[in-house]
Amino acid sequence: MSDEKNLGVSQKLVSPSRSTSSCSSKQGSRQDSWEVVEGLRGEMTYTQEPPVQKGFLLKKRKWPLKGWHKRFFCLEKGILKYAKSQADIEREKLHGCIDVGLSVMSVKKSSKCIDLDTEEHIYHLKVKSEELFDEWVSKLRHHRMYRQNEIAMFPRDVNHFFSGSSVTDSAPGVFESVSSRKRSSLSKQNSFPPGSNLSFSCGGDTRVPFWLQSSEDMEKCSKDMAHCHAYLLEMSQLLESMDVLHRTYSAPAINAIQVPKPFSGPVRLHSSNPNLSTLDFGEEKSYSDGSEASSEFSKMQEDLCHVAHKVYFALRSAFNSISVEREKLKQLMELDTSPSPSAQVVGLKHALSSALAQNTDLKERLRRIHAESLLLDPPAVPKPGDNLAEENSRDEGRALVHQLSNESRLSITDSLSEFFDAQEVLLSPSSSENEISDDDSYVSDISDNLSLDNLSNDLDNERQTLGPVLESSGEARSKRRTSLPAPGPNTSSVSLWSILRNNIGKDLSKVAMPVELNEPLNTLQRLCEELEYSELLDKASRIPSPLERMVYVAAFAISAYASSYFRAGSKPFNPVLGETYECIRQDKGFQFFAEQVSHHPPISACHAESGNFVFWQDVRWKNKFWGKSMEIVPIGTTHVTLPAFGDHFEWNKVTSCIHNILSGQRWIEHYGEIDIKNLNDDSCHCKVNFIKAKYWSTNAHEIEGTVFDRSGKAVHRLFGKWHESIYCGGASSSTCVWRANPMPKGYEQYYGFTQFALELNEMDPLSRSLLPPTDTRFRPDQRLLEEGNIEEAEVQKQRIEKLQRERRRVLEENGVEHQPRFFRKSSDDAWVSNGTYLELRKDLGFSKLDHPVLW
């Protein structure tokens, strides 16, 4: 015990880059920051089993709950279990279980907080007294090193979470927790496919056979699970023998049971010896106290039976799941490579004929509507009483009428990617590409070529008649690019841990990162990406019912997150103070511009105008690194006005989290609640909940929303996945309000960019003369990264950052405060456009201004 006290917290919790001989001022500042607790390194070993630590701690409630609650914790052999009380721990009625050896542990001495970051959750713990804090940190450190040494010595035990020589060492709750984590990790590899070799699609994609043929990890997993299955069958026989022995000891003649001569200690059953040959009933020695030994031995048998049965059934279930999944994938590969049977060809021909006839009918309807719209003033406003389904099926002939099968709500949310039989609204030409199932992929290709090209042209023509008239000078483009000049760099050689280990719990927006970790877009351009589906606002501006308008505004707010699904592997450039960006899109009918209005704190403001809507927001992000994951917390409000009805909508943003920062396949999720209000009309409001993924569930990226009327009654319900599609209605009758555009070819090589994102940094000679020199497209480090010149991009990035620091120092020395050029601060501290950007652009006014040197 004295040895443990000598391992002082201040000596052992120092970050690897810090010296233990720091002066007192540095020690004081260290107490105010998060520090990582080091584990075993190199050839270090730790074989001494630490004592069990128990007691009450404060644990932060899991999202969405807030505050702290009191829980009883038990730390034994590197496993931290917790429940409401000690009695619940003893009864194995656990609330959770953490493998400390596999977690990243960080502490903050000033607030007496301990954070344990696993792959699935971040556990925030707090200790009331400093003495208890030091004691728990010391014990956690010892148990963590002991557990890491055990993992290093017996790596197989990490997968199965119990030792072959002592099954009773694993509590049932412990195994269930880890077993579910392992099953979850397998499901997540299918649920979060960005950039992963495990991603696949059913439609002749060659990635499917490649994944099956090169899946060494799955082969190893199958072999390991088969070994476990055989071993657990042997354990089952052992349990039956023990059960017989238990009934024997429970008989009245318990004192007559004999044991072998050399036996002098308590009975110990070895799980690797199922025949119980160490017991000999032929000797004449008996227990000195038979009833007491019988009671203790019976209790041990009951505990062992309870744990072993849970282990057996859990692993058998996992084994069956993996076997079934692999068989499905093998069948998929066989179907993918084998010729289609004649019956299938006949069915596909019928489907093709039906699709062509339907598309021809739709094309004729759209032509008539387009011809009528040219003869009329602004489109006639439908009657207010029409509901959303009637509007979608009637408005401009855009509905593809397919009846949704009468399935349960659960079956819909299980796989929305296969939910193509719903009644759907064509919001963009690319939306229809997903209307036919993957098995009919070649039918989709043919029908697209024959009719959907004409259909999309009609839709574009109709949009232009309704959209604003934009200046044509410098905006004519032949064709937008479909790829970047060079693919993204290989970042496997970048050591994120060496960069982030000293920044646990800190705001990462102030931490310099290597240019390889960036994508060739910056935050201002990311704000413009939120307008990729601006047609939802165009649609809302033509709907008379405020309740139905709210549905499309909510869908627009959700669609802003769709492009992030494939973008977890890189981060955007941070804009420098005074940097600007513009995006004029005639095809979408809006004009967008943005400016970095503040550097400390970093605030980006943007504004967009259209004949149908006005969009603006100012936002800043706080990034928190927690060891294995990073949270991105946005601060700011998004505004949209619809002049046709005098609506002014505003809403907040939700929290984003990138998982597996240091190792494994990174994936992103969004969670929290968006509250959408109409400031000029209180007849309705909307709440959209981004559901946090649970490691025991395969459902991820789901949203649920409700539109309420003035009395609080739910009028419309929204559901779907934020990266796929949004539906309005119930399980038996729903309307597809929005569907994400398909990804461009080769998107994995180009940072996971959508087609819209690929075009954001594009610059042609005509638009070059219209842009101010502060526009992001002139930024050299970002342009060099896009072109694949990593070394020169890093040099330019450091030069630009140094130049910004010098500008800030000069401003501070002269007492000058930076004044944004195109935005002003309103009375509620929000940044809004001052109306000068678009006016200056008309008359080439940017060339007449003095601009700061940003790069």
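Using N, Cα and C of the backbone, Cβ positions are placed for all residues, glycine too.
When you go through S129, S222, S272, S492 in Swiss-Prot, the residue listed as phosphoserine is S272.
Swiss-Prot marks one residue of S33, S295, S451 with the annotation phosphoserine, and that residue is S33. The region 'Disordered' annotation in Swiss-Prot falls on one of the ranges 174-193, 274-293, namely 274-293. Among the residue ranges 161-167, 441-447, 784-790, the one that Swiss-Prot annotates as motif 'FFAT 1' is 161-167.
Classification of S33 (phosphoserine) by DSSP places it in coil, neither helical nor stranded. Packing around S33 (phosphoserine) is summarised by its Cβ count: 16 other Cβ atoms lie within 10 angstroms of its Cβ, all protein chains included. Across the domain 'PH' (50-145), the DSSP tally of helix, strand and coil residues reads 24 helix, 41 strand, 31 coil.
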